[in-house]
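Chemist: Please find one structure pasted underneath; my questions will follow.
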């Protein structure tokens, strides 16, 4: 296999196999697990701008918003209770991801997806019929448990099912369904807000039952991955399944490597503790820093609170919801660009290009808002060109994220972990993602109130830092079989000092010379 980005897999293995219709349909159905995450991201921001919703559950916010239209626009939504409504989901998802690691490893990826769908359905049902704030919070936490299970299992499922040549594009199907979920939620919010009687918010929140049913039914009909079947002792069934999903009979080499990886993983009694071993230093670093940086791009500020943000910077309620629909549509379109280019241009190129694009846009948006609002938050009469410029640059920013840090933040961690630590490392990845999603969602409106337009410069600083990190420390993983992935660390200028040939003599297999078990460093 030719070197990719200056880093080849070392062993030169190329597993035979095709992108079969069976795998394509399977991965599309599995990727629908992202709908529940995306729908929730999109729905919560729109609901919190609906007047009937605020009057019923957050009357103090509504009074502050309506009492004086000329007061500081930066602070009109500053309410910890209101942000807890949004952010409680991500705290619950963080806790669920820790449990989901064990379920995904011991019971399979399918069952983890099933649990996710059922919990999300229960949360949507409670939220749709909510009578008090505590019901909203309980429902949101159940939604969070569902998201935690789905985000743990779906990326792993896609990476294990896909042929390595198409792994990037198929895995990004998860991010695509997240963006579709956001767009659907934004469109529904726009129309449900027009329902007379002020009960449209119930349809918005209760509508989450539909994507919950999709992932629940999908998990029942999907096949399990060969990796997961081998892990649970179903060896012969796994080989037959591998032949079917690859579309060829010659799967012996790939199957032997999967079995060897599984045998090694079974000898690892404490995968969580093993993550601290020296040879897993690059994997642990990426499992923590990639989701950390993904949330510190500021994207969830836009996606959670797009209607709130646009309303805060002077657009009326309908205009705010429509602006959120526009950014949602851009999000979907740009994710399609990533699906096309990720296995063509590589992960590093998209990471770096997206970082530069987001950095420029955040600086421009900060300048636009600072020029009109200053530090007192009173913009006066906003001209139409101002609205067009702000929405345009926010859309360009969203596009940059949607073809870089959005999908790759889930793809790269899911494809770099050896089988013996895969579930535990993915759990770390999801937990860090949810922890900082929770933190950003909880403090955003308060930060907006105090930092004002400087909030966009705050996130721009982290975009700069993470782009530098990718340039120096993230190797290219395009076109490398998942079982061979550890070769990229051996040849990296920095990470090679942590990984020795004896650690991974068979590419991704953690076997000692005599095949007697994992080698500790």
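Backbone N, Cα and C atoms are what each Cβ position is placed from, and that goes for glycine too.
Just so you know, TrEMBL annotations are computer predictions that nobody has curated.
Okay, so TrEMBL annotates it like this:
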- 19-39: transmembrane segment (TRANSMEM)
- 26-478: domain 'Major facilitator superfamily (MFS) profile' (DOMAIN)
- 87-104: transmembrane segment (TRANSMEM)
- 111-130: transmembrane segment (TRANSMEM)
- 136-158: transmembrane segment (TRANSMEM)
- 170-191: transmembrane segment (TRANSMEM)
- 203-222: transmembrane segment (TRANSMEM)
- 284-308: transmembrane segment (TRANSMEM)
- 320-342: transmembrane segment (TRANSMEM)
- 349-373: transmembrane segment (TRANSMEM)
- 385-406: transmembrane segment (TRANSMEM)
- 427-447: transmembrane segment (TRANSMEM)
- 453-474: transmembrane segment (TRANSMEM)
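Can you walk me through where each of these features ends up in the structure?
Modeler: The list of residues near the transmembrane segment (87-104) in space but at least 6 beyond its ends in sequence, with Cβ under 8 angstroms from a Cβ of it, reads 40, 44, 111-112, 115-116, 119, 137, 140-149, 151-153, 156, 423-424, 426-427, 430-431, 434-435, 437-439, 441-442.
If you look at the transmembrane segment (111-130), the same-chain residues 6 or more away from its ends with a CB under 8 A from one of its CBs are 30, 33, 36, 57, 96, 100, 103-104, 136, 138-150, 152-154, 157, 202-203, 205-209, 211-220, 222.
Sequence-distant contacts of the transmembrane segment (203-222), counting only residues of its own chain at least 6 positions beyond either end whose CB sits under 8 Å from a CB of the stretch, comprise 26, 29-30, 32-33, 35-36, 39-40, 43, 46-47, 50, 110-111, 113-114, 116-118, 120-121, 123-125, 127-130, 139, 143, 146, 150, 157, 181, 185, 188-189, 192, 195.
When Cβ-Cβ distances below 8 Å are used as the criterion, the transmembrane segment (320-342) is approached by residues 42, 45-46, 49, 168-169, 172-173, 175-176, 179-180, 182-183, 185-187, 189-190, 193, 302-303, 306-311, 350, 391, 394-395, 398-404, 406-408, 411, 478 of the same chain, each at least six residues removed from its ends.
Within its own chain, the transmembrane segment (349-373) has Cβ neighbours under 8 Å at 73-74, 297-298, 313-314, 338, 341-342, 379-380, 382, 386, 389-390, 393-394, 396-397, 399-401, 403-405, 408, 452-457, 459-460, 463-464, 466-467, 470-471, 474, counting only residues six or more beyond its boundaries.
Tertiary neighbourhood of the transmembrane segment (453-474): same-chain residues 285-286, 289, 293, 296-298, 301, 347-348, 351-352, 355-356, 358-359, 362-363, 365-367, 369-370, 373, 405, 412, 444, 447, 494-495, selected by CB-CB distance under 8 Å and a gap of 6+ residues from either end.
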Chemist: What residues elsewhere in the chain lie close to the transmembrane segment (170-191), defined as a C-beta under 8 angstroms and at least 6 residues from its ends?
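Modeler: Cβ under 8 Å, 6 or more out: 23-24, 27-28, 30-43, 46-47, 50, 154-155, 158-159, 161-162, 200, 203-204, 207, 211, 303, 306-307, 318, 321-322, 324-325, 327-329, 331-332, 335-336, 338-339, 342, 402, 406-407, 410-411, 414-415.
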